[in-house]
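Below: the structure, in structure tokens.
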Amino acid sequence: MSTLWHSYAFLGLLLYALGRQSLAHSPTVIDTVRSQSLFFQTFDNDEWQSRWIHSRDNKYNGRFTTEAVKEWTDKGLKIPEKNKFYGLSALLDAPVDPVVASSPTPLPLVVQYEVKYEDGVTCGGSYLKLLTAEPGFTPEGLVDSTPYSIMFGPDRCGATSKVHLILRHRNPVNGSIAEKHLASPPVPEANDYTHLYTLKIFPDHKYEILVDGGMRSSGSLLDPSTLQPPLLPPRELPDPDDKKPADWVDVAEIPDPDAVKPDDWDDREIIEDEKAVRPRGWLDNEPVLINDPASKRPEEWDEEEDGVWEPKQITNPKCKVGCGPWTRPMKRNPAFKGAWKPPLIKNPAYKGPWVQKTIPNPDFFEVEEPIRSGVGAIGAVALELWTIDSGYIFDNILITRDPAVAEMALKKLWKPRYDAEVKASEAKLKEKERRKEEEAKKKKARKGGRDIVETALSKAFLALFEDDGWLATAAPYVGPLLDFVRENPDALILGVGLGPMLLLTVILLLRGTGSRKTPQKQSTHAPNDAAEEVRPAGGSDAEPVAEVAAGREAEAEPASAPGAEAAEGPEVVPEGDATDGEIDEEPEEQKGPRRRTARAA
């Protein structure tokens with residue numbers, strides 16, 4: 001048993017070792033794609049710097065860098081700065097024809113690469129230029145006029161957005177080179193996900209443009225409507241010397257000149273309202289605007305320099321109903337039939353459509369494979385761009401003859417990256433929605449608690465006005481208020497909260513107003529009719545029975561002689577000395593003797 005167990009263990013270790021060795025020597029996806037490609041660049045390490053060279057032209061003041069961005073596990077080629085021109089190119093190992101002859105083996109051209117707008121996109125190009133193979137070209141010498149064979153990729157600037165497909169084609173008859181643009185280019189993606197752009201050109205002159213693996217545009221490049229100008233020139237051209245005669249009539253129908261509008265045809269869309277009556281109180285002879293009586297000419301007004309001064313105009317206060325000549329208002333005519341037009345008849349002078357004559361096209365040519373014969377071989381890949389943005393990222397630039405290789409790069413390189421970005425974005429969105437829902441629940445819970453209180457309070461308030469309530473007799477007089485409380489229970493709790501606050505505010509304002517006034521003091525001298533008090537006989541030694549209210553601070557002095565103070569008489573403050581019911585205080589040195597109350601004799 002022990003021997004059998006050791007045999008199984010040994011076999012397991014052997015299989016594990018063989019598996020590890022096989023795994024170590026198995027090619028990766030990148031190795032497989034690279035081995036079956038005409039050109040492939042990943043920018044994962046610094047090797048790209050020896051292959052891709054920046055232009056030395058002074059125009060290109062931007063320098064690409066490499067960086068690993070969000071949700072990426074490797075690096076990409078990045079535009080790091082805004083408002084820069086960038087010129088970068090890499091040579092192919094050997095020139096590549098756009099297409100291979102349809103026989104014996106038809107091989108298409110597939111161009112594919114990834115683009116990500118990490119910081120968004122406002123205006124800038126992110127396309128590739130497949131430069132024409134020329135013996136003297138070096139990447140350092142790249143300029144904006146360097147010839148290219150194919151230009152492909154997205155270009156966005158404001159409302160203008162397109163995925164370029166441009167072929168630079170040479171006319172074999174006259175040797176001229178013209179750019180053939182895709183007439184109806186698809187619109188590129190603008191979000192911050194990584195997107196994959198794929199171009200396929202087949203030997204039978206069919207083309208396909210795919211974005212993220214989905215078809216966006218396809219057709220035949222030989223179709224005259226696909227490229228502008230067409231890939232193959234027309235056999236004939238309109239004769240520029242052939243002009244339409246001045247008397248040529250190409251209008252097939254004309255209005256009947258003998259037609260007359262029927263008498264019952266009403267083409268008035270708006271008419272006066274005959275039932276309208278001038279409103280009572282309308283003042284025909286009053287102007288709508290009058291001079292503002294409060295408007296006065298400024299003192300510094302100079303009529304010689306400033307012109308005649310005119311007062312400000314205001315609405316006439318008498319025109320509450322209306323002023324000026326009254327006219328009936330307009331209304332839509334119920335009998336309106338629309339604008340009358342005479343019926344059309346055949347034009348007796350009609351000669352038919354005029355067709356311009358044609359002449360043979362001197363630049364016409366006819367070849368079986370215009371792309372292979374007219375579009376130059378590809379010798380380098382270039383990023384010759386200008387952008388006002390930063391953060392454009394390029395990766396996995398691929399040129400191959402095998403669509404299956406491009407499909408492998410899509411599934412194994414781009415798709416996992418894209419899925420990770422979408423997943424991360426959805427997670428952020430879900431987290432945002434979760435927080436939003438939690439906040440809504442908390443808000444609802446708080447509101448629910450308030451609703452319970454508001455409902456209970458409103459029910460208690462309304463119960464006071466029911467038939468058996470304390471305020472039932474007042475219910476008919478406060479009906480609108482009760483209806484409002486039934487529909488808006490929260491208003492009651494608001495009133496309960498604000499009512500005491502408003503009352504307290506009024507009390508504080510009233511107290512503040514009273515405190516600002518000087519308290520009214522009574523005169524320090526008793527009036528004549530109250531200054532003397534009747535005293536009992538022999539009361540010369542008696543104490544004063546009463547004193548003036550305002551003079552209680554000073555003690556009353558006993559009389560030294562009967563009638564002495566009576567002869568002196570009480571002092572009365574003149575009425576004119578008081579202001580607004582207040583008595584002016586006298587200087588401190590005069591207060592003593594004048595505070596004494598006169599005694600009766």
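From the backbone N, Cα and C atoms, a Cβ is placed for every residue, glycine too.
Worth saying up front: this structure is predicted, and the values here are computed from it rather than measured.
TrEMBL assigns the feature region 'Disordered' to residues 220-248, out of the candidate ranges 46-74, 133-161, 220-248, 307-335. The DSSP breakdown of the region 'Disordered' (220-248), given as helix, strand and coil counts, is 0 helix, 6 strand, 23 coil. Counting Cβ atoms from all protein chains shown, CYS123 (disulfide bond) has 13 others lying within 10 Å of its own Cβ. Taken as a whole, the coiled coil (415-447) shows an average pLDDT of 85 in this prediction. All chains included, 15 other C-beta atoms sit within 10 angstroms of the C-beta of CYS157 (disulfide bond).
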